[in-house]
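Everything below concerns the one structure shown next.
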Amino acid sequence: MELLLDHLGMGRWSLLHISAGMLGQALGSMQALSGAFMAPMLNYTCRLPTLASPLHNMSVPPETFHRIPGDECSFIVNGLHGEEQRPCTEWDFDNSSFASTITSEFLLVCGRTYLAPLHQSLYMIGSSIGAIFGGILSDKFGRRLIIILGLTLFLMIAACSSWLPNLSLIFIARFCIGFIYVTYIQSVYVIVMETVPSWMRATMGILVAVGWALFTIVFGGLGYMLREWRELQMVSSLPFLLVVPLLLLLDESPHWLMVQGKEEAVLKVVTRAAALHKVDLPSDSVDKLMKEINSMKKNKTKENQTQVWQQLKNKVLRMLVLFRTPQLRCRTLVMCFDFFTASVVFFSLCLGAVNLSADPYIYMALSGLVEIPSYFLMGPLVARMGRKGPAIGSFLFAGITILVLPAIPSGLWQVNMAMALLSKMAISGVLIELFLYSSEIFPTEIRIQGLGTGMFLSRVGSIISPFFNDLLVPLFPMAMPLGVGGMCIIAGLLTLLLPETKGAKLPDLIEEVEGK
């Protein structure tokens, strides 16, 4: 199949799959980062009651209300029974940047403050669970079916969530959006990789990241024009309609069809691809492909026939192998910390529009813009300098630029934002590089487990980053530079323990990692 796809080359058929995949991937950035505009932390003040004591009894002294300095969750009442403290039930919000948000509409303040970052984290939790099932469902039912069902459900739930009347339903929808997005996007990524020539696969990783960055810029512009959160949610969902016509033209992955032993379906797909690319199918390649399919049908492994829950159990058991030997344990722990740190820093900087800039919309657009050069530069950089040096340098640079933020005078918000964006550029590059580095640092027999464990830790980082950003930083402003910046420095220093993999033979066995 590899040789046949290389022979077909690039053309309308492969570009069709690339367009559908990249557009579906890129549009998801607006939903993933929506918490920055829809459920931000806002300044608020307690709205004091305006009613005095009953007018029918003028002998009763009127009640007076007073604010408590530094406390916007309660107020003081002076009345007939002396001084009394009462909880505040209404608030006035700072609407200078946002006209309407989930925070202001559902009063996510005081004892309900934690619900604002929970809105963002539920998307990440859904994504984490979706990542577990996405690959299994795609392998069982096919890439095309999961993509079509996933994108359809995603569009329906994302659009309908703008009309939901209560917070519980919004949170359920938020979780489902994250779950469905990652479930179908895994199939999107795989079908793109399985329908392009081998020499185009490295470029696809960059295109995925660049698409995400471009629509982050678009989301900054949409947020500026649409200050009502329900309008923004609806409009940011509608672009998915652009993908729907492309879905009807998609073919199933020829790789998946081959593994399933469907000879006629494979032949139909590659024949259509050859017609669209205007190339002839070599008869010897087709004969070889048919023999491959028949061989796979006869030697189908037991793992392909296991149930979903058994596959999940096997995944957990295989993860434990990563800690079996000293060298492997060191590599696993360092790589997991690197993934976790990169994710915490990336999403803290993405969602920190309110804390890191006077204008959250400009910040969001620029945060997407600075990702683009980092993605294009990281490829040539790791090819020339190796994997270890750029990873260490990027972590240390991001950490240093974050650590200097407290030294910038409060009036120079432009300088503060510039330093935060430089950190974002550095951490975006290292986050992409870690996927390459981790795929080379683990032996073949557990490479997937190593990469999967690192990705799981990165998702844990994305779940806690909204709470870190919205709850901890406002209480302890130094938590951002010291916590996030310090984690970057530690990650850079720990990466010194990892070996350089440029030009090195990929290890196949655990014994090779231990030097035995």
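Glycine is no exception: its Cβ is also placed from the backbone N, Cα and C atoms.
Now, the feature entries from TrEMBL:
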type	residues	note
DOMAIN	42-503	domain 'Major facilitator superfamily (MFS) profile'
TRANSMEM	121-138	transmembrane segment
TRANSMEM	145-164	transmembrane segment
TRANSMEM	170-192	transmembrane segment
TRANSMEM	204-226	transmembrane segment
TRANSMEM	232-250	transmembrane segment
TRANSMEM	333-354	transmembrane segment
TRANSMEM	360-378	transmembrane segment
TRANSMEM	390-409	transmembrane segment
TRANSMEM	474-498	transmembrane segment
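Contact check: the transmembrane segment (232-250) against the transmembrane segment (145-164) gives at least three Cβ pairs closer than 8 Å, residues 6 or more apart, which meets the contact criterion. Ranked by Cβ pairs under 8 Å to the transmembrane segment (170-192), the stretches 121-138, 145-164, 204-226, 360-378 are led by 121-138.
Confidence in the domain 'Major facilitator superfamily (MFS) profile' (42-503), given as mean pLDDT, stands at 82.
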